[in-house]
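Trainee: The structure is given below, and queries will be raised subsequently.
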Amino acid sequence: MNMELALQTFFDESRELLTDMERILLQLESFPGDAELRNALFRCVHTVKGSAGIFGFQHVVSFTHVVENVLDRLRTEEIHLSQLLADLLLRCRDHISLLVDIADPEDAVRLASASQRLLTELGPFHSVTPPQTPQAVVADSHQQHQWRLSVQIAADALRFGMDPLGFIGYLSRLGQLQVTTSSQAVPCLAELEPESCYLSFELALTTDASEALIKEAFELGNDLYQVQLECVQSAQLAKLSAGPPNDSSPELLARTIDKDAGQAHRRKPPAQHFRVQADKLDRLINLVGELVIASASVSLNAGHSGDAVSRESAANLNLLVEDIRNSSLELRMVAIGETFQRFQRVVRDLSAEIGKDIQLDITGAETELDKTVVEKIGDPLMHLVRNACDHGIELPAVRQQKGKLAQGLVQLNAYHESGAIVIEVNDDGNGLNRQKILAKAKEKHLLTGDGHLSDSEVFNLIFEPGFSTVEQVTNLSGRGVGMDVVKRNIEALRGSVELISPGTLGGTTFRIRLPLTLAIIDGFLARVGDATYVVPLDLVVECTELPKALCNADVVSTSHYINLRDEVLPIILLREHFMQPGTSGRRQNIIVVRHGAHKVGLVVDELLGEQQTVIKPLSGIFSHVKGLSGSTILGSGQVSLILDVPALLQQVSQREDSLDRSNNRHVRAPLAAC
Amino acid sequence: MKQSKRNDVVVMQTEQANEQQYLTFQLGQEMFAVGILHIREIIEYGNLTTVPLMPDFVSGVINLRGSVVPVIDLSIRFSRGQSQLSRRTCIVILEVDSAVSCAADSGSEVSALQEVGIIVDAVSEVLEIAPKDIEPAPTFGTRLRAEFIAGMGKVDGAFVILLNVQKALNVEEMAKLASVVEPLEQSHYG
């Protein structure tokens, strides 16, 4: 057994279990009566403890054991989940996760005092029973039993990572334990295999623990241990030490733990998931990317050859490659719910900390997006959620004055929209104060001039570095770092963020738009002069010819909009925007793209049709270039640039105010002398 | 432990030998040289895609077996006018350490080897230049920023300019130059 691998699995599993534990705890707060949840909670901790035991992480086991006891009592409804206990258990969960992460028992010393503190707090919940049943305690402590265990261990046990010391340690914590080791089976040195286990044990245990609790010691290795368990009265204790067990004893509860039953109990439903290393998946997707390029080249060549048969095969190949691409990208798709779930805890803790009552509503948790995107969206979302709680939602008293419910509402919502995922963070708080932001912006010299600004322009000021309208800096937010980072992080994912106030719930709404994947997209190819550009196909609404009357460059450059079926359509002349040399051809086309609520026409020379494109990042040299999000390789081997439509639109609309058109536009500034 | 130390010594020795080897190439009438450890490969000129809104010295990008590599016109970068394309023009792919502050990691510095292509008029040969044959760069007279020059190598009585690749092709600096293009362009509007 590869320990390294097993250990990794332990870490992964524990992390998952602890995440589950948090989720269940939070659910349980809302549905305290749900027995299934209580059992699940117990199982989480129990499994973590068990696996930690296998690896001999005593520091984890000893702490988890107490938590487990408490949860066991919760499960059997001896105690109830109060707010206090829930808080405590959540903190215990965090502590367990810390303990698991350090793994090295020697480092655990650092956490010992924290462990001790939590254990002391847990004390009332496990050692003393709640006041309403004081008699039970007394009765319990009197019901000490003598247990006799005889344990036979399979020779293979050590090879499977079962250390007999594990269960001995466990049992010794339950009560008084006497161990007699039988070494009769140990062969002579020449025949001894150091990896085999030859020992068997006779144990005498005095404890108030139940039979089930004792059996748990052997649950993890239940096919390796043969356990006989019997209950003996104190009087018989003398007999026990004297000779072999008396099988005819009436108190005999001896039962070999039923192997089959045990296994059936532990057998999980048929595996629906299996773990794959992320880098293997990444490699597969890279390869699929290359495959896409290769197949594009095949269809290109087939098209040139004019041979109908090879054209057909190429078309078939293309279809298959598209399927492969989609299914392999799906492998990396995960539901956003897991990320959202984290915020339940954040909001809960936060609201307690700042004295507000806030509920977090999650919708669209099943919306899927690429794992790489999910990993990077957590931090920006965290900022927004904290902001919503701290700045957005008012204090309960203030809310009641305004005639709102005392309980504030923060909503996380996700849905798909034209090839992108939209994540909304809504709150029903007080929204943004336009005047306050404007004043602050002037104070910080972010604004020059008194030009009239639209609401959205004003609100977007809060994404400027160092901007905060809160007079008091709290330890949560308000330092003015953050929103610019949020924006930068989202833009780095080829996404965008906008702010709407008043939002859907009356307060503020942040709307984040992200691409579903960062690897491969469907692209629409267009030619401008010598260059070929790719527009993400999801954004393309339609293509149409630029009306002949407008093809004359002068006409278009005076008015940058056209009439599209009685709708005003602003247009961007790509050739002009990118300052490409040469003049446009006689016939030009418009690609109508949509980004959010905006619709814009991109004027290009020629439409080349759609193609799957593999996104290749552009080198660092181009990191400051706006309007391009990356590059891709065409079937011909040529590199083509992918248009970053949102950035392009932003650039153009920012410029709109100062559209003083002079015709002395130089092509490429003479900067080379620098 | 011991084993790896010994390996280090071997590596260092070969590196020293390599450090003295330089690829010489022609840019206009001048000879330049670059330490061969920086050189990845030499390819034929062609299939260049222009990137708009970039300064002139960025000729564009090429597809190097699946990765997209920027190509610099060294001649413009060194203020010597645009390269004249000829039959012998080629692109030398170099590896440069790049530390570009990258928005994706909230402004943290990402250091990585980056491939950059340079257009040269002709590639000559790989020469061994001993450290004693390398003179410090003159303060002026080369029509080149002093920091671009690592030294002047003596070869057959003539000098070749040994380039400091890290400085001459500093990705961060070039990115900054590229970002200046836009405000200038905007000023034409306003």
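Every residue gets a Cβ built from N, Cα and C, even glycine.
The domain 'HPt' annotation in TrEMBL covers A:1-103. Look at TrEMBL and you will find A:262-518 tagged as domain 'Histidine kinase'. Marked as domain 'CheW-like' by TrEMBL: A:520-654. Residues or ranges marked as phosphohistidine in TrEMBL: A:His46.
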Trainee: Tell me the Cβ neighbour count for the residue listed as 'phosphohistidine', meaning other Cβ atoms within 10 Å of its Cβ, over all protein chains shown.
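Mentor: Neighbour count, Cβ to Cβ under the 10 Å cut-off: 20.
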Trainee: Across the domain 'Histidine kinase' (A:262-518), what does the pLDDT come to on average, as a whole number?
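Mentor: Reported value for the domain 'Histidine kinase' (A:262-518) is a mean pLDDT of 78.
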Trainee: With DSSP helix as H/G/I and strand as E/B, how many residues of the domain 'HPt' (A:1-103) fall in helix, strand and coil?
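Mentor: Per-class counts: 86 helix, 0 strand, 17 coil.
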Trainee: Please count the residues of the domain 'CheW-like' (A:520-654) that DSSP assigns to helix (H, G, I), strand (E, B) and coil.
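Mentor: Its residues fall into 30 helix, 67 strand, 38 coil.
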